[in-house]
Amino acid sequence: MITKGCIPDVLSYNILINGCCKAQRIDEAKQIFDELSFRGLIPNTATYNTLISGLSQVGRIFEAKELFKNMHAQGCMPNVLSYNILINGSCKALRIDEAKQLFDEMSFRGLIPNSASYNTLISGLFQVGRVLEAKELFKDMHAQGCSPNLVTYSILVDGLSKQGYLDQALELFREMQNRYLNPDLVIYNILIDAMCKSGKLEDARELFLKLHVKGLLPDVRSWTSIISGLCREGLLDEAYKALRQMERDGCPPDDCTYNVIVRGFLRNNGASRAEQLFQEMFDRGFYADAQTRTLVADLLSKDDNLGLKRLLGESECCQGEKTTMPEGKQRSKLRAAVLLRKKITGHWAKLSPQLKNLVKQSLIESITMEHSPPVRRASVNVVSIIAKYAVRLESGLICCPFCSNVAKVHRKITENSMTETIGIAFQPHFADLQALLLKCLQDDTSNRVRIAALKAVGSFLEFTNDGDEVVKFCQFIPSILNVARQCLSSGEEDVAIIAFEIFDELIESPAPLLGDSVKSIVQFSLEVCSSQNLESNTRHQAIQIISWLAKYKYSSLKKYKLAIPILQVMCPMLAESADAGEDDDLAPDRAAAEVIDTMALNLAKQVFPPVFEFASLSSQSANPKFREASVTALGVVSEGCLELMKDKLEPILHIVLGALRDPEQMVRGAASFALDQFAEHLQPEIMSHYESVLPCILNAIEDASDEVKEKSYYALAAFCEDMGEEILPFLDPLMQKLLAALQNSPRNLQETCMSAIGSVKRLLLSKLSFLILKGFSKLMKSFMGFGLEFSELREYTHGFFSNVAEIMDDSFAKYLPHVVPLAFASCNLDDAHDEPRVRNISVRTGVLDEKAVATQALGLYALHTKSSYSPYLEETSRILVRHARVFP
């Protein structure tokens, strides 16, 4: 640049200095800085900041401070960033008092510390255990008007947790949410880890489960913390399942995860599983850390476990420590393979084609001809790394030698599952690989080989499209089913779930991959569904397969006459009880109901007869769970089987109304649910049975169980929605019961009660007007009494009063002093009004809905009471102008 007569400016030098600092070539950066001054250029603030930062990063804090002083002397005034860089460097060097002096000096010189300034110093104070000072600085941050950000809270939560102040960390976590700062995954991970280490495993698991709700995906740290917590509590089976689940969720474990779980098994007398995981860790290119090796050595001093001894020796060999392996060529080869695995991805693109081929051929020879198992495994690891990350488009070149050496290398290659990530590259060789994978699926000598083959098979699914490939792929299904059954029988449910994941993709694939195999898949899934000794998650996966088949492949279920066998399993599952503490989403009765509902929507003629038969028989059962299941089944299928059910309404209602009088609460609740579904889907035929249905519902709304009452309110609202004059004989006692319920019920029931009243009022205007004139004062009194604390309840109330105003017209005027202030109060609520909620509905959305209904109510009051509304016009106008921006 200079030789060609182009003189660099300060910006050019700044770029060069920055590049050198990033490469940690600090001395060169200093030479360039000196050259800048030599050429008569004046360094600016950015120049100084860049070099000060570079010096601080490599620990040369004294030189950084000298340069900072020189900056002052040269008349270049430091900015906030200058101070932040130096404060950060001082904190990293644990020179916290110097960092505090710089922080105070910044204010003295008229510079206002920003959030980065506070964050850096707070972090430094926590590093040296000065918790009280860190907390005081956080308070000062608030006092100075500097708003804490996510980084601030992360530092505080992490610092407090590590110093043993978990309760205070959780308070900050709640404070974040109150300030509408959404905690990120970093903060969740900090708290999950701290809870696990403090023995609060259940709290940690609860927080972990909330990640998906918050739209966050657990990463390897999240999973490792949970696995560590489970191991601490001795819950080794759950820890192992968590390890497998994280892989299924697309989060591969790292060396820390493996070391944690291996140590967990070693400490809890699980040497055989520890050996298996140790081997798996080693095969994946990870090695035991010092803590794990010490634990293994201690165990070997008491019990000469040959497997662990061999693995420990291999691990130490790969890390350059003492080894039990023989000296000489084997060790050299092993070291070479380990080094190659670590370096190959960064250098592969730079190699010539000839050298690439030489590397591939050498690796194939090592796998096929090497006698030492550790060396062979290390070579396979290198091949897997190359195949996964370096030769995605050219992996056909390495695939052919693999296939030609199937007899010798198929087990180890498959164990490393290269095909999981490079299925598209292997696609042209699918015919050759089919024999390899089938052989591995049937390998009787190694379960690990079968499992790896199972994973590899799944990787080809998305690339299987044409007729020949479809036929070939269908040949895998019997072997997949066989492996899954073997895994279930040996207690490895997490592996069997891989089969269900493959079936899931088969079902969703546009290619006809199932064929006749749908029968065997359904049979296997039903076997798993029926096995109550299996884990809930395993059974749920099987139920989901049936559900997807009912949704996407229902014609196959019809073709192979599988509806009845499925219902013979699903209907009794409605009577199963969920285990205490079990996730509702995994509850077998709920999952079975979803399957039956989906089948009813798509296969009504095949579904209704067996369901009706089940309901008829189960309604007479001595077991209340089966009586509950009988009416639940009828309610579930009412949408899909509506035409068939309308023809059999009388016997159906006989079952349901009988259940509504059952001595068991669960049965009565299910009957109320069924009536609600009938009222929604079996119109208008259901209305012809009002004389038998309505008295039963009226009795149910006085049930001793709040759950039955709530479901009965829903049923009443749905049933009355389309009634006409038929309701007149029931109207007076009905309103009396609803008004009494409104006064005496819990908040959630008041809401559903208001919904029922709203449905009743739409029936018959003249009769309802009479009742309102007769009982409206009582109704008003009840509203004033319970204060309308909940947004949903206020929303229903405004809607109800609006409807009454329509009915009473100008006679409603005397109630305006009571209802208009309620509407004004709702309209003037802050959108972010913080209040308790009856249901898990967004606070902001709930308040906006309430304001919308209240605004509409004001319009109806004015319309029907005319001049009587004039005292309220001024305030109403202000509200309407303000709301016009929100509700255009």
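A Cβ is built for glycine as well, from the same backbone N, Cα and C atoms used for every other residue.
Heads up, TrEMBL stuff is auto-annotated, nobody curated it.
Positions annotated as domain 'Importin N-terminal' by TrEMBL: 330-369.
Tertiary proximity for the repeat 'PPR' (9-43) is limited to same-chain residues at least six positions away from its ends with a CB under 8 Å from its CB atoms, namely 1, 50-51, 53-55, 57-58, 60, 74, 76. Among the features that TrEMBL reports, repeat 'PPR' is placed at 9-43 (among others).
In terms of DSSP secondary structure, the repeat 'PPR' (44-78) contains 26 helix, 0 strand, 9 coil. Annotation comment: TrEMBL describes 44-78 (among others) as repeat 'PPR'.
Packing against the repeat 'PPR' (79-113) from elsewhere in the chain are residues 45, 48-49, 52-53, 55-57, 59, 61, 64-65, 68, 71, 120-121, 123-125, 127-128, 130, 144, 146: each is 6 or more residues past its ends and has a CB under 8 Å from a CB in it. TrEMBL lists 79-113 (among others) with the feature repeat 'PPR'.
Annotation comment: TrEMBL describes 114-148 (among others) as repeat 'PPR'. Mean model confidence for the repeat 'PPR' (114-148) is a pLDDT of 88.
If you look up TrEMBL, you'll see 149-183 (among others) marked as repeat 'PPR'.
TrEMBL lists 184-218 (among others) with the feature repeat 'PPR'.
The repeat 'PPR' annotation in TrEMBL covers 219-253 (among others). Here the repeat 'PPR' (219-253) has Cβ contacts under 8 Å with residues 185, 188-189, 192-193, 195-197, 199, 201, 204-205, 208, 211, 260-261, 263-265, 267-268, 270, 273, 277, 493-495, 497-498, 501, 535 of the same chain, all six or more residues outside its ends.
Under the heading repeat 'PPR', TrEMBL lists 254-288 (among others).
Summarising the annotation, TrEMBL assigns repeat 'HEAT' to 652-690 (among others). Within the chain, the repeat 'HEAT' (652-690) has long-range Cβ neighbours (under 8 A, six or more residues past its boundaries) at 612, 615-616, 619, 624-625, 627-632, 634-636, 638-639, 642, 645-646, 696-697, 699-700, 703-705, 707-708, 711-712, 714-715, 718-719, 721-723, 726-727.
Positions annotated as repeat 'HEAT' by TrEMBL: 693-728 (among others).
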Exercise. When you scan the chain for residues with a C-beta under 8 Å from the repeat 'PPR' (184-218), skipping those not six or more beyond its ends, what do you find?
Worked result: 150, 153-154, 157-158, 161-162, 166, 169-170, 173, 176, 225-226, 228-230, 232-233, 235, 246, 249, 251, 583
Problem set entry | Non-local residues, at least 6 beyond the ends, that sit with Cβ under 8 Å of the repeat 'PPR' (114-148) | 80, 83-84, 87-88, 90-92, 94, 96, 99-100, 103, 106, 155-156, 158-160, 162-163, 165
Exercise. Which residues, given as numbers and ranges, are at least 6 beyond the ends of the repeat 'PPR' (44-78) yet have a Cβ under 8 Å from it?
Worked result: 10, 13-14, 17-18, 20-22, 24, 26, 29-30, 33, 36, 85-86, 88-90, 92-93, 95, 109, 111
